[in-house]
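Quick notes on the structure that follows.
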Amino acid sequence: MSKETTSYTNAKLGPLPTKAATIPDNILDAFSLKGKVASVTGSSGGIGWAVAEGYAQAGADVAIWYNSHPADDKAEYLTKTYGVKSKAYKCNVTDFQDVEKVVKQIESDFGTIDIFVANAGVAWTEGPEIDVKGVDKWNKVVDVDLNSVYYCAHVVGPIFRKKGKGSFIFTASMSASIVNVPQLQAAYNAAKAGVKHLSKSLSVEWAPFARVNSVSPGYIATHLSEFADPDVKSKWLQLTPLGREAKPRELVGAYLYLASDAASYTTGADLAVDGGYTVI
């Protein structure tokens, strides 16, 4: 009598194998987010706002998260322009209880969450970590860039498991895979490496009920890169095969793919959108 074997180490979290998605005959329809609810942290500007607007254009209702820059006007813009439901929520993502409260409020206001993008982040601008006194600067970067995205996943995961499906997308960074020069940013690199591997780890844990992926942007023209002087940016561009920074909207395609049914068999992936930086 042969012994029954299985490759599933996480079957206790839900039934496996998962049910295949029904993909529309027209592949363009697979990229539609109509009827879905998307929640995007750090979406009052930069990459987060570009993603939030892209999701609204694709038909999703969108919950916008902000902290220091109110975004009620942007939620109103999405509703008026694209005919979707949108609302802005203030949240300190480094406070687990605040994250928990906001997620519960979004679930109450929208009825559910289908797509969650953990995008909030800050840059390291202090230079060599060995010259920085104390650990406060380190803790700030790790709290925002790593701990906060775990808080979001920890609260949203049960919603996905209850639904039996969902898409969770982390904003990692090419810095998760390489060491940037000429700027020195050990804290940021380490935090983003943690995000990338957290994404891969949860893709296994959540396989019975959700897909989990990450996007790793390269140099993007947002406020996070404003700390760099022209000489530093010149070096960046010399090391980037496409020779320029990206506009935030150039990342939206990656986030839309991962959120949509077009990516129904994509989990545990990290999509580098870096102008070719990490291949040289």
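Note: Cβ is positioned from N, Cα and C throughout, glycine not excepted.
Note that the structure is predicted; figures quoted are calculated from it, not measured.
The annotation NADP(+) binding site is assigned in Swiss-Prot to ILE47, LYS74, ASN119, TYR188, LYS192, ILE220, THR222 on the grounds of similarity to another entry. Taken from Swiss-Prot, the feature active site, proton donor applies to SER173, supported by similarity to another entry. The active site, proton acceptor feature in Swiss-Prot is assigned to TYR188. Annotation comment: Swiss-Prot describes LYS192 as active site, lowers pKa of active site Tyr.
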Length of the line joining the Cα atoms of ASN119 (NADP(+) binding site) and SER173 (active site, proton donor), in Å: 11
10 Å Cα neighbourhood of SER173 (active site, proton donor): matching binding-site residues from ILE47, LYS74, THR222: none
Neighbourhood of LYS74 (NADP(+) binding site), C-beta criterion under 8 angstroms, separation at least six: SER43, SER44, TRP49, ALA52, ILE64, SER86, ALA88
Residues ILE47, LYS74, ASN119, TYR188, LYS192, ILE220, THR222 [recorded NADP(+) binders]: greatest CA to CA distance in Å: 29
TYR188 (NADP(+) binding site) - helix vs strand vs coil (DSSP): helix
Least buried by Cβ count (within 10 Å) of the recorded positions ASN119, SER173, THR222: THR222
Other CB atoms, at most 10 A from the CB of ILE47 (NADP(+) binding site): 27
Assigned conformation of ILE220 (NADP(+) binding site) - DSSP reduced to three states: strand
Collapsed DSSP category at SER173 (active site, proton donor): coil
Count of other CB atoms lying within 10 Å of the CB belonging to LYS192 (NADP(+) binding site): 26
Cβ neighbours within the same chain of ILE220 (NADP(+) binding site) - under 8 Å, at least six residues apart: GLY46, ILE47, GLU245, ALA246, LYS247, PRO248, LEU251
